[in-house]
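These features come from TrEMBL:
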- 1-137: domain 'Phosphotyrosine protein phosphatase I' (DOMAIN)
- Cys7: active site, nucleophile (ACT_SITE)
- Arg13: active site, nucleophile (ACT_SITE)
- Asp111: active site, proton donor (ACT_SITE)
Amino acid sequence: MKIVFVCTGNTCRSPLAESLAQAAIPAHHFGSRGLAAFPGAPVSTYSAELIERHHLPAVGPATPFSDEDAEADLILTMSQQHKDSIRSLYPLANVYTLAEYASGSPADIVDPYGGHFAHYEQVFTELRAHIDNLAKKLPPV
């Protein structure tokens, strides 16, 4: 399965989700994108630090969401707003919020951009719980 995680800039939340998923569910193909990503922007310092501290796979620079991404088997967004934006442009896309799909929760994953390291750690912990749930839901390959 091709699964794409989506946030705003593709520098904080979605790269963390991608890295966690690659480590936890290696049988599937994961990517991350941003709805307002600046192409080539590096992963945020704190997200990169968390990836390194937890010995997770490195992820690439920011990439904008594209028509090709809309054809992924599953698109998992960090917020309802991201989901709604994708749905309005791509009505046939298989899109959910990560929390909704993985954990049955309506909650958004708050953007830690510009916050302290502790904010990133909170987001990391939340993402890890959702990725653990996602691993249980995805079909075996």
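Every residue, even glycine, has its Cβ placed from backbone N, Cα and C.
What TrEMBL says about a protein is an automatic prediction, not a curated fact.
Feature annotations (TrEMBL) mapped to structure.
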residue : record                    : DSSP class
Cys7    : active site, nucleophile  : strand
Arg13   : active site, nucleophile  : helix
Asp111  : active site, proton donor : coil
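Arg13 (active site, nucleophile) is surrounded by 33 other CB atoms, counting those within 10 A of its CB over all protein chains shown. Taking the Cα atom of each, Asp111 (active site, proton donor) and Cys7 (active site, nucleophile) are about 8 angstrom apart. The average pLDDT the prediction assigns to the domain 'Phosphotyrosine protein phosphatase I' (1-137) is 98. Cys7 (active site, nucleophile) and Arg13 (active site, nucleophile) are 6 Å apart (CA-CA, integer value). Counting residue by residue with DSSP, the domain 'Phosphotyrosine protein phosphatase I' (1-137) contains 61 helix, 20 strand, 56 coil. Applying an 8 A CB threshold to same-chain residues 6+ apart, the list for Cys7 (active site, nucleophile) reads Arg13, Ser14, Ser32, Gly34, Leu35, Thr77, Met78, Ser79, His82, Ile109, Asp111.
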